[in-house]
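One structure below.
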Amino acid sequence: MALKHFLQFNDLNADELAHIFERTRWIKEQFKAYQQYWPLTDRTLVMIFEKASTRTRLSFEAGMQQLGGSAIYLNTRDSQLGRGEPVEDAAQVISRMSDIVMIRTFEQEIIERFAANSRVPVINGLTNEYHPCQILADIFTYIEHRGSIKGKTVAWIGDSNNVCNTWLQAAEVLDFNVHVSTPPGYEVEPERANLYGTDHYEEFTDPMEAARGADLVTTDVWTSMGFEAENEERRRDFHDWQVDADMMRVAGKDALFMHCLPAHRGEEVTADVIDGAQSVVWDEAENRLHVQKALMEYLLLGKVQV
């Protein structure tokens, strides 16, 4: 298979995603049955972190080990990347000493430049612009609980951040709808709105209307990493964009709730929702592990049939 990266959700087409979701299901079944599956023996994943993480590091490191490979952790503070080495040079060296690379950083441009100079697949573990692995896990979680997401409606409540951007990309690829409701001043950037078009998403000023009849309601923290100086201002601005029991009732009894975590109970979501019967956040978090295993398998081995 030709070298392929996963830097944005739409780097994979619907057929490739269907394969990855099916492989995720099988890989998860093997994991739950304590069945060893080591297709990546002697393969090495290098994980480069500029942004701190719990779930991203744990899911990639454990996932690579569970597939029989090994994972090496680098952060920019302790490597030459943090001392001014050009990204292009680092990519040349790191990709000669590894089989696959995951990067969690601030600017999408950094990961794009790294991938352009890499000999091995590069995965976006998160940037300010996109969070594709999270949406892979979210959609797989929806499929587990409700079946195909095609034609369904996802309500995004809160900041139009990297997770929101990735939902918009996913809607185009997999043919579902996204309702976006943000406070004034936090809307989807016009250039992104033009990029994604309006066939699969609609913006709402009223968050309750965005959630009405939705199949999935999802949100994220009001203040993402890098915006801590705006925390108090954002708490005021986002006050009415909280997912609570009333919003879930408007969505409907079969609607699911998701959150990429970590969550701030009492801010973007109430405790009774995130800990309630419609919440699937713990399955969603676990599925980062399994869907990323399927992703790494695909990027390194192509379409495996077992």
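A Cβ is built for glycine as well, from the same backbone N, Cα and C atoms used for every other residue.
Here is what Swiss-Prot says about this protein:
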BINDING   Ser53, Thr54, Arg55, Thr56, Gln80, Arg104, His131, Pro132, Cys133, Gln134, Cys260, Leu261, Arg288  carbamoyl phosphate binding site
BINDING   Asn162, Asp220, Ser224, Met225  L-ornithine binding site
Chain-internal residues, separated by at least six, CB under 8 A from Asp220 (L-ornithine binding site): Gly158, Asp159, Asn161, Val163, Cys164, His259, Cys260, Glu268
Under 8 Å by Cβ from His131 (carbamoyl phosphate binding site), same chain, sequence gap 6 or more: Asn124, Asn162, Val163, Thr166, Cys260
Neighbour count (Cβ, 10 Å) for Arg288 (carbamoyl phosphate binding site): 24
For Ser224 (L-ornithine binding site), the one of Ser53, Arg55, Cys133, Arg288 that lies nearest, given that the binding-site residues are compared by Cα: Ser53
Cβ neighbour count (within 10 Å, all chains shown) around Asn162 (L-ornithine binding site): 23
For Arg55 (carbamoyl phosphate binding site), nearby residues of its own chain (Cβ under 8 Å, 6 or more apart in sequence): Leu261, Ala285, Arg288
Chain-internal residues, separated by at least six, CB under 8 A from Cys133 (carbamoyl phosphate binding site): Phe6, Thr56, Ile123, Asn124, Gly125, Leu126, Arg288, Val291, Gln292, Leu295
Other C-beta atoms that fall within 10 angstroms of the C-beta of Cys260 (carbamoyl phosphate binding site): 23
